[in-house]
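Enquirer: Before we start, here is the structure in question, set down as structure tokens.
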């Protein structure tokens, strides 16, 4: 039965042009395979028992333990445009050394058009600073779409109507009213988490929410014009006050406009971000009031335009509640042996930097790297539901979230974790940090990075929760290809990824943030080094850099009421004392200090807070070339000066033969700020096919990356006869 369900859902989703991800796990040996339908037969972790190999109809067993018992299937579709899916399929089956490079005339023309549209769509203006206020501008592509929508609406409002003729003002009022009410379905369609536009366009509700706000603002403009022409018409006879006091239809319309104005004002980011919980509650309440007022104001012949958005809201809620019931009720997840009604319980662990690690073992739903879910924990933060990025990959068999304590629910999470951790340490209670949670999702959409030749991942602060799972997913594909080549002849090894180069940059404020991904980075580096050790011809490239800025502006400030935990950067002498460090110190990635350039001048020895000539700290300097960066000692935190460092795996986790392996991969730790343009340029110069640039972090970092991609695409004349390949940009922003 499970095989039939897999085939049915896969066939339906393929027909609709989406990528299918099938997760086959073996409970007997805890093996798991995460399979994308745009790649070849999944013979790496499972073995087809039939001679013919249409994988969707084959019976499968787990290769590592040769058992067919205990296999579980989990199918998830990811929204992708049909042409994007087709390109991914061609990349997967391309036997050449440059699968990410377009080969046919059609796809070369498509790549040229795409590159031109991307340059225009990604472009944006520099932020405008007005005193203490900074205004950020959206990308040009979004602006053009909204301007086109505004032009269409205005043309429909005034086509063949003379606005200067007083006898036509009533007609303009009627026309603009009808056009205004016709915009309601689009607004509510863009607002839902489950909507057909996102499904067809391959966009998540997060991206569509920006369009939802601006279409609503266009609606406000239309209704204001509608009201203005009626007031203008009545004003000739000094009749406005009389209508407002005596005409019920006018009163209902004016009430609807007042409510809509309040909704528009509170939707602007500075107000919206003051309190997420309050914004959600007032938005729902005012939405109901607005719909009721519009329904009472509109004539009977146009009330269908009110019922349509109501139906869309009901559908969205029913779909979410149905999926939520399946995801959270234990009766649907027999593999999770629990006597509870609910399927998920989570542990809350406090980490340095006021970060809470929330872990859900054996979740009942699947997800893709980079997706997020809405997390609810009524016992800690009642009646609150917040979106958090999943910082783990499905192969971990657990969902992990790293949540920085701000205001509201996130602060309560950290306090609960800290209290539970201290009580557990005193052996007063056991298991207090584990509690029932509810999840909704997953949500989010990004093109599979495995189809790109080169990938650049940039993260600022907690933005690593988005980029590190993407990094691990590609490295996992490398590992699976490497393991598969041991058992199969090279010509039959399935290509799981076209990616040859990975560049990962993480900008953090302090070393304490490294504790979040200690084990993940260790495992990732171990996998790559193992591939290089066992396969001397391993041609994949990976470069990891961690920039420490000591800048309070990188991440939102932490509440003064929460205890800020910090860690001093290690020096050469501290590594001899690893065995005596406490638990929080062991959360750090083990670091071996060495000069970044053995022939460079000795590090500067300074006092106070100045470690570069002319004053200032090196952590605020802009770094163009990591290799040429002089050894620097950051003194912002008052720690002892250390040299530029090269972080490698913990010595205890390495075999003796690894210690002499000169090809070992290790991340570079630098004090200072990165230059995104230089980092991206170096990767693009080596790219042999389409490249992807992904950024998640503060608005300033995202803007720098966006400008860099646009300028480099124009400078290199991508797909315009120079041989330079396309650049795909994905920006995952913080905030609401």
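Placement of Cβ uses the backbone N, Cα and C atoms for every residue, glycine included.
Because TrEMBL annotations are produced automatically, they should be read as predictions rather than curated entries.
As listed in TrEMBL for this protein:
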DOMAIN    338-449  domain 'FAD-binding FR-type'
SIGNAL    1-17  signal peptide
TRANSMEM  143-161  transmembrane segment
TRANSMEM  173-193  transmembrane segment
TRANSMEM  214-234  transmembrane segment
TRANSMEM  254-271  transmembrane segment
TRANSMEM  278-298  transmembrane segment
TRANSMEM  304-327  transmembrane segment
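Looking at the shown structure, can you explain where the listed features end up?
Expert: Within the chain carrying the transmembrane segment (143-161), a Cβ under 8 angstroms from the stretch's Cβ atoms is held by residues 120-121, 137, 168, 171-172, 175-176, 179, 183, 211, 214-215, 218, 221-222, 225, all 6 or more beyond its ends.
Long-range contacts of the transmembrane segment (173-193) within its own chain (CB-CB distance under 8 A, at least 6 residues past either end) are made by residues 153, 156-158, 161, 205, 208-209, 211-212, 215-216, 218-219, 222-223, 225-226, 229-230, 233, 294, 298, 302, 305-306, 308-309, 312-313, 315-316, 320, 443.
Same-chain neighbours of the transmembrane segment (214-234): 146, 149-150, 153, 157, 163, 166, 169-170, 172-173, 176-177, 179-180, 183-184, 186-187, 190, 240, 243, 250, 253-254, 256-257, 260-261, 263-264, 267, counting only residues six or more beyond its ends whose CB sits under 8 Å from a CB of the stretch.
Remote same-chain residues near the transmembrane segment (254-271) are listed as 213, 216-217, 219-220, 223-224, 227, 244, 279, 282-283, 286-287, 289-290, 293-294, 297, 735-736 (criterion: CB distance under 8 Å, separation of at least six residues from the stretch ends).
Counting same-chain residues at least six beyond the ends of the transmembrane segment (278-298), those with a Cβ under 8 angstroms from any Cβ of the stretch are 181, 184, 249, 252-253, 255-256, 259-260, 262-263, 266-267, 271-272, 305-306, 309-310, 736.
Same-chain neighbours of the transmembrane segment (304-327): 181-182, 184-185, 187-189, 191-195, 291, 294-295, 298, 343, 364-365, 438-440, counting only residues six or more beyond its ends whose CB sits under 8 Å from a CB of the stretch.
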Enquirer: In the predicted model, what is the mean pLDDT computed over the domain 'FAD-binding FR-type' (338-449)?
Expert: 85
Enquirer: Treating G and I as helix alongside H, and B as strand alongside E, what does DSSP give for the domain 'FAD-binding FR-type' (338-449) in helix, strand and coil?
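Expert: Secondary-structure composition of the domain 'FAD-binding FR-type' (338-449): 21 helix, 40 strand, 51 coil.
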